[in-house]
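Structure, as structure tokens:
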Amino acid sequence: MKKKKHWKFFFLFAGIVLLIFFSRELIFADYRVEGESMEPTLQDGNFLMVNKFMNDADSIQRFDVIVFHATKDEDYVKRIIGMPGDTVEVSNDRLFVNGEYRPEHYLETYKDDVDGQLTYDFTLEDVTGRTTVPEGMLFVMGDNRRDSLDSRSFGFIPIEQVVGKVDAHFWPMSASGLSI
């Protein structure tokens, strides 16, 4: 009788371990931040837990921090600034989306530490040649606006390239690499 209980416990425990392992692989991805383009929000060397189910137009929204496939070999982490149909403009270090001022509280401490503007003035048309974010695309920027390779340089990113939304960041843990 005692041996049966041990086997039941063993199979239950093994099943739970397998469930955790496979759900982690299927639902979450871990990344290591390499670079300074998301400072002050994310620091070089931070580890990220990315929810891979949060990767479509219905589950992500403006100001979410996401990971996306930038190239065949590299993934980037950036903040969503413009969703499909949006207009985007920065004037006097203030972000306007669809003509409405949108405070960026996550940048306040960083703005206090820099001389001059953190984000130089631009309109969506200036940097992409388009007046609105096209359907199925996103406009993304790094929080370190002076030192970020983002949509101001490489244009819009297709929503299909989104790996997922950053749910948490940690330091230190083992993880795979992420370029910024």
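Including glycine, each Cβ sits where the backbone N, Cα and C put it.
Listed features, source TrEMBL:
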- 9-171: domain 'Peptidase S26' (DOMAIN)
- Ser37: active site (ACT_SITE)
- Lys78: active site (ACT_SITE)
Task: Ser37 (active site) and Lys78 (active site), distance between Cα atoms, whole Å - done: 8
- [ ] Please work out the mean pLDDT for the residues of the domain 'Peptidase S26' (9-171).
- [x] 89
Task: Conformational class of Ser37 (active site) under the three-state DSSP mapping - done: coil
TODO: Tally every other Cβ atom lying within 10 Å of the Cβ atom of Ser37 (active site).
DONE: 23
- [ ] Measure from the Cβ of Lys78 (active site) and count the other Cβ atoms within 10 Å, all protein chains considered.
- [x] 25
